[in-house]
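Per TrEMBL, the feature domain 'G-protein coupled receptors family 1 profile' maps to 50-342. The transmembrane segment annotation in TrEMBL covers 35-57, 69-90, 102-132, 153-174, 224-248, 286-311, 323-343.
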Amino acid sequence: MNATPWVNSSLAEASREQPYCGPGLAAFSDTYRPVHVYASLLVCIFGSVANSLNIAVLSRREMSSPTNAILTGLAVADLLVMLEYIPFVGHTFLPYRQRLSYGWAVFVLFHSNFTQVCHTIAIWLTVILAVWRYVAVAHPQKNREWCSMRTTAAAITSSYLASPFLCIPLYLAFDINSRISLLSDDDLPCSNCSGHNVTLYHVGLSELADRRFVGDLSLQKINFWVYSVVIKIIPCVALTVLSLRLVFALLETKRRRQQLTGDSLHHKKKRKAADKERQTDRTTRMLLAVLLLFLITEFPQGILGLLSMFLGEQFFNSCYVGLGEVMDILALINSAINFILYCSMSRQFRTTFAQLFKPKILDRWAPVPLQNGNDNGATVNNTQVTQV
């Protein structure tokens with residue numbers, strides 16, 4: 001997600017002064033910001049319910065598999081992001097002075113760190129998912145050995161344990177800052193009024209952020225390198241390569257299946273092999289959709305972060321900050337939409353979901369045996385009528 005809720009600057013003023021994105025982006029950001037509050041709240045509520053359902057379905061015994069274990073870990077990370085984002089959105093409805101109190105500044109600092117850690121976990125779980133799927137498609141004979149449940153559990157646990165350490169530069173680069181501001185009697189900021197001075201708190205750069213460690217390398221630049229390259233660019237490049245290889249593997253299995261069904265349709269074993277490959281293809285297509293949505297969301301953030309590092313604070317203030325809410329809503333949608341993908345592309349997921357949550361009253365419409373014309377009411381070949 002966008003890891004910059006601490007930025008406290010006038011975007012419109014910055015855009016007029018800088019040559020990169022201009023006042024157009026500032027106007028768009030000012031227009032979208034009120035919409036973002038309600039849009040993100042709706043997405044988070046839906047995503048919290050959807051990811052809870054994902055966890056309930058994917059953790060069932062009949063759904064047990066390495067792939068579903070990774071998807072469960074991904075749903076947990078996404079659920080944590082959604083649940084924590086709701087109070088962050090809610091605090092924007094508070095009065096100006098209360099919103100900039102010390103307590104809420106502590107929460108915003110926690111929010112920026114916590115959401116980035118959870119999102120980093122989700123990013124690397126997505127990479128693991130792509131690797132596991134590529135092994136299943138390209139090296140099916142090694143799949144059980146390389147991608148066993150034990151190996152999968154170790155990979156998921158490593159993602160959850162390593163991600164907080166990967167975000168250490170973020171923890172050190174930002175802190176709670178304070179300033180004295182003149183407020184009116186309505187506790188609103190003013191410049192030439194007979195108001196009162198109060199201390200307001202916000203999240204900003206820490207004292208360590210500008211400290212030079214090696215040459216011109218500061219903690220702030222290290223944080224941008226970690227965020228842009230390690231957390232965003234590298235996983236996106238890996239996912240792009242793996243996704244392309246998955247597509248090529250799908251095309252190859254399709255060609256092989258056509259050969260099997262065309263040349264040896266009468267052979268029962270080869271027909272079974274072709275059916276199994278079709279099921280593998282359906283699962284791979286669903287996971288490719290998950291990977292594609294992830295790339296659409298994450299790649300732009302990584303590129304903008306990288307440009308901010310090279311072009312400096314001017315680009316960051318006029319472009320990156322202006323697109324902050326847009327990047328946030330895209331990341332939230334990506335975290336919430338997987339439930340829809342699973343329902344639309346996985347018959348096993350739909351079946352398990354229906355078994356878990358179908359109301360008991362619908363059992364009245366369960367399949368019933370066809371009766372023949374005999375008085376004893378025997379069934380005809382045990383045939384059943386089902387509703388499609």
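From the backbone N, Cα and C atoms, a Cβ is placed for every residue, glycine too.
Listed stretches 35-57, 102-132, 153-174, 224-248 were compared with the transmembrane segment (323-343); the greatest number of C-beta pairs under 8 angstroms is found for 35-57. Of the candidate ranges 35-57, 224-248, 286-311, 224-248 has the most C-beta pairs within less than 8 angstroms of the transmembrane segment (102-132). Nonlocal intrachain contacts for the transmembrane segment (35-57), taken as residues 6+ away from its ends with a CB within less than 8 angstroms of a stretch CB, comprise 63, 71-72, 75-76, 78-79, 82-83, 85-86, 89-90, 92-93, 325-326, 328-329, 332-333, 335-340, 342, 349, 352-353, 356-357. Remote same-chain partners of the transmembrane segment (286-311), defined as residues 6 or more beyond its termini with a Cβ less than 8 Å from a stretch Cβ, comprise 2, 20, 67, 123, 126, 129-130, 133, 221, 224-225, 227-229, 231-233, 235-236, 239-240, 242-243, 246-247, 319-320, 323, 327, 330-331, 333-334, 337-338, 341-342, 345-346. Long-range contacts of the transmembrane segment (69-90) within the same chain: residues 1, 5, 37, 40-41, 44-45, 47-48, 51-52, 54-55, 58-59, 107-108, 111, 114-115, 118-119, 121-122, 125-126, 128-129, 132, 149, 152-153, 155-156, 159-160, 332, 335-336, 338, 342, each at least 6 residues beyond the stretch ends and with a Cβ under 8 Å from a Cβ of the stretch. For the domain 'G-protein coupled receptors family 1 profile' (50-342), the model gives a mean pLDDT of 85.
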